[in-house]
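In TrEMBL this protein carries:
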TRANSMEM  21-43  transmembrane segment
REPEAT    132-165  repeat 'TPR'
REPEAT    166-199  repeat 'TPR'
REPEAT    200-233  repeat 'TPR'
DOMAIN    270-309  domain 'STI1'
Amino acid sequence: MTVWSRILMIFFKKRNLMNSCNLINMFPFLLISFCTFSFLVIVTDCIKDCDEAVERGRQLHSDFKMIAKALTRKGTALVKLAKCSKDYEPAIETFQKALTEHRNPDTLKKLNDAERAKKELEQQEYFDPKIADEEREKGNEHFKQQRYPEAVKHYTEALRRNPKDPRVYSNRAACYTKLGALPEGLKDAEKCIELDPSFSKGYTRKGAVQFLMKEYDKALETYQEGLKHDPNNQELMDGVRRCVEQINKTNRGEISPEELKERQAKAMQDPEIQNILSDPIMRQVLIDFQENPKAAQEHLKNPHVMHKIQKLVGAGIVQMR
């Protein structure tokens, strides 16, 4: 039996109430109410004590660490009282004040936890699939009218209402692509694929962005990955064809020197390309391609080497004529 239940039992016995059947039946509910009230009283008293400690500490010019400790305890008590996202604001503010007094790792962790909890509750409170669908439809109408900035606003609101809908990420990726905001479009397309790997639109959006970035090798991989999930998708097959055409143009020398340099410079920023070119074995393979064609043909029989060569060809680093 807990302390609070003992107190209740003594209270009822002194007033000769324990013989009442109704009261006995009500005892568990009374106990819960009493404990809840006691918890609120204790936490509220703790907050008051912390405020007094801070005030007294400032008057006595106490160590900043002690003031920070009192503020941290107050923030912890405020977190215990939080029932909705807005309730976390006083706690977050208190933790921030504590950190200005003394930057303690424990206080910083409590602040981060409170901010994370607040954000999660905000998302839960704002979640509404019905309104999300309405916003998505509004975005679609603006997209049809080629009002892309307005469409982005509605798609963004739809995602705030329901952040798990891959269709909205796909639609917003299309808007960003039309607006020339390619990094944002790529990010949305990747999120779309993450949420639903079988949704072909995610791959067509991502491939389109990579194609516009002139990353034809990456776009080709994206379209091919999409075809694994939707083998008869015409848009994906067209994407593969366009990428192969561009890669072949590079190999035939049908692009301008400026475009070739641009593609090569961009490819050199790719960590995978960097790793291939820094591999001593691959460096020798590339030398053999220039100086020893017979040895180069032997290298191509190795599937691992062949894959890396294809990667370099697709990126425009190596040209096969």
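Each residue, glycine too, has its Cβ placed from N, Cα and C.
Sequence-distant contacts of the repeat 'TPR' (200-233) (same chain, six or more residues past either end, CB-CB distance under 8 Å): 166-167, 169-170, 173-174, 177, 182, 185-186, 188-190, 192-193, 239-240, 242-244, 246-247, 250, 259, 262-263, 266-267, 311, 313-316. Averaged across the domain 'STI1' (270-309), pLDDT for the predicted model comes to 80.
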